[in-house]
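The feature Fe cation binding site is assigned by TrEMBL to 110, 114, 303. What TrEMBL records for 132, 133, 134, 135, 136, 165, 178, 182, 275 is substrate binding site. Taken from TrEMBL, the feature domain 'Gcp-like' applies to 24-309.
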Ligand code: KG4
Ligand code: ZN
């Protein structure tokens, strides 16, 4: 049995996976969304204190489930990327358990864990192209094996998830912004969405950019405020316009990528991959290009320990263990940026 621990941002989560079958046996998560919502984003100090509270509660639940920790053979822990103060909370729990139980510690790359959200209770499929859209990242990754993953395109500025969050914040709505913006966008009648310029329209290579679009939504809100109170119908038209343009930008990059890559399967992962409009549009593009699309179950799109434990199983099999007494806590199989197709 392997225990996975996730604390890279505002979700405390633990999961137990069988090391032989990779089957997810138990998982539990305590989210902090309501605590951060008044600030319109994650406050690291607050997140850290809440992990200090919630991780031991989750560990107790795992212990109750297992009738003690005797069956644990390894601990997998997200060590990067993420908020340093919250990563350390999880790492301390992981090191304490590994030390007390005399079992190996496996450092996990959070991005690799998101990719493995596609393979919960399933064997992995390689080669695989992945579009990773989260609060911290917007990437195209090529994965040729569990330890062989390269970032081939990334955002030049903001991530897509962060942009959803900012649009919600600018409209005075809650955090996380993605689900709020998605549901408001649904209320916009067809063809009535606000029009925004497609980011990096004339860029020839593969890259994402969301800061210009974010700024354009800010200006549209300011102009509307000058006219008076911002109506619900304006909010819906703005959210629909933002979501449509941001998704068109993802599609524009994927088209270019598909034209240059022989890999037949695309995985869509990260918090934003829970967005049904994004899923639908990418699904249609995959059909057009004859690519298979892999999606994670909705409950595993945002941060969770099940995906951490799932990578942990692969790395346990390769004996990719990390030292307990070391200040370098980087996972051995970090994703590297190796830009391709810079046309
Ligand atoms: O992967 P994740 O849980 O955390 C990071 O690794 O960053 O992603 C969180 C992000 C947030 O920005 C949130 O607004 C976004 O995912 N998100 C969504 C939706 N659900 C969550 N964005 C768009 N539509 C959604 N339905
Ligand atoms: Zn994440």
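Here the Cβ of each residue, glycine as well, is placed from N, Cα and C on the backbone.
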Whose Cβ lies within 8 Å of the mean position of the Cβ atoms of 110, 114, 303, the Fe cation site, other than those residues? 6, 8, 78, 82, 111, 113, 117, 134, 270, 304, 307, 308
For residue 114 (Fe cation binding site), the close binding-site residues (Cα within 10 Å) drawn from 132, 134, 136, 178, 275 turn out to be 132, 134
Which binding-site residues from the list 132, 134, 178, 275, 303 come close to ligand 2, meaning a Cβ under 6 Å from one of its atoms? 134, 303
Count of other CB atoms lying within 10 Å of the CB belonging to residue 110 (Fe cation binding site): 24
Just to verify a number: CA distance, residue 132 (substrate binding site) to residue 110 (Fe cation binding site), in angstrom, no decimals. 11
Residue 303 (Fe cation binding site) versus residue 136 (substrate binding site) - Cα distance in angstrom: 11
May I ask for the distance between residue 134 (substrate binding site) and residue 110 (Fe cation binding site), taken between their Cα atoms and rounded to an integer number of Å? 11
Return only the integer: C-alpha distance in Å from residue 178 (substrate binding site) to residue 110 (Fe cation binding site). 20
